[in-house]
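Record features (TrEMBL):
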DOMAIN    42-291  domain 'G-protein coupled receptors family 1 profile'
TRANSMEM  26-49  transmembrane segment
TRANSMEM  61-79  transmembrane segment
TRANSMEM  99-121  transmembrane segment
TRANSMEM  133-153  transmembrane segment
TRANSMEM  201-222  transmembrane segment
TRANSMEM  243-262  transmembrane segment
TRANSMEM  274-293  transmembrane segment
Amino acid sequence: MYQKENTTTATEFIILGFPEFPDLQIPLFLLFLLIYLIILLGNLTIITVTCLNPRLHTPMYFFLCNLSLVDISSTSVTLPKLLDIFLRKNQRISVNGCFMQVYFFLLSLCIEFLLLSVMAYDRYVAICHPLHYVVIMNWNVWVLIVAGLWIVGNLDPMTYTVFLSSFSYCRSNIINHFFCDLSALLKLSCTSTSTIDHITYILGSFVVMPCILSTFVSYVYIISTILKIRSAEGRRKAFSTCSAHLTVVILFYGTLLCSYIRPTSTQSLEQNKLFAVLYNALIPMFNPIIYSLRNQEVKKGIAKLFTRKLFSRDQKTIFSVQLHGKR
C-alpha cells in the first residue's frame, strides 16, 4: 500500500507508466500493443526462418536467433504490464514481483550486451580470417559460447537483485517509470546506494568495458580489411555482412550506456524513461527489420517460407476441388 512515512517500508509498488499524458492512455495502449505485436512477429519470423532454412544454420544466424529470443523475453517482461496499466489502470505490483521484473529484465540486457560482442567477433573471424572460419567457429564453439553467455549473464542481475531486496524503500512506493527499473527503485530507497554505484563501476570495468573494447577492436580490423579489398563490389558485399550488426550495436550500446553507466545521483527519471522506451521497445522492434532488410540470405529465407506456405495452401485448394469434382 501507499506509504510516505520515512519509518515504514513499502509492501508493494505503484508503477505510474506515462502520467504525463492522461488523455492519451488509450492511444498509447494501441501504440505499444502494435509495437509489442511487431516485436513478436518480427523476431519469431527470424527464429522460424533460421530454423527451417538449412543455409542459415551458421554461427551468425544461430546468434541472431538467440538475439531474437532475448528481445522477445525483455519486452515480454515489461510491455504486458504497461499495457495493463494503460487499459485497466492496474498500477500495483508486489515487491517480489517487482524484484523479479528487475532480475529478468537485467538478465535480458546483460545477455544481449554480451551477445552483440560475440556477434562482432564472429564477423571479425568471417571477414578477416575467412579460411579459418569453419575451424574457429564450429558447432561446439557455438554451443559453448551461448551457454557461457547465459551463465555469465546471470551474475549481474543476480547481484543487483540481492542488494535491492535488502534495501528499505521508505520514501515512497510510487515508481515514476513504466516498469520496475533499477534507477527508479534506487531513487525510492532510504538505504545508501553507494554499494550499487560501486557494483556498477566494478561490473562496468570487468564486463561492460571489455565487451565494448572487443567490439570496437573487432570493427577496427573489419573496416581495415574491407578497405584493402580492391573491387568496389567486393567491399560492398563484405560491408553488407556486418552493417546491420554495427547499426544495432550503436543503437543498443549508446542508449544503455546513457541510461545505466552513470552515478545514481546524476540520473534523471524522465531521461531514463525515454532511454528505456528506446532499448526496451523500439530497438527490439527494429532489430528484425534491420537484419532482414540488410541481409539477402534472410530476405530469401523469408520469401521462401511464405512461398512454401502459399504453395502448400494452393495445393490443398486444388486437391479439395478435385476431390469434390470426383464426388
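Any Cβ shown, glycine's included, is placed from N, Cα and C.
TrEMBL: automatically predicted annotations, no manual curation.
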Hey, does the transmembrane segment (133-153) touch the transmembrane segment (274-293), meaning at least 3 C-beta pairs closer than 8 angstroms, sequence gap 6 or more?
no
Residues outside the transmembrane segment (133-153) whose C-beta sits under 8 Å from one of its C-beta atoms, at least 6 past its ends, are 59, 62-63, 66, 107, 110-111, 114-115, 118, 122, 125-126, 207
Given 26-49, 61-79, 99-121, 243-262, the one sharing the most C-beta pairs under 8 Å with the transmembrane segment (201-222) is 99-121
Long-range CB partners for the transmembrane segment (99-121) (under 8 A, at least six residues beyond its ends), listed in sequence order, are 60, 63-64, 66-67, 70-71, 73-74, 77-78, 81, 93, 145, 149-150, 152-158, 160-161, 164-165, 179-182, 185, 207-208, 211-212, 214-215, 218-219, 245, 248-249, 252-253, 256, 279-280
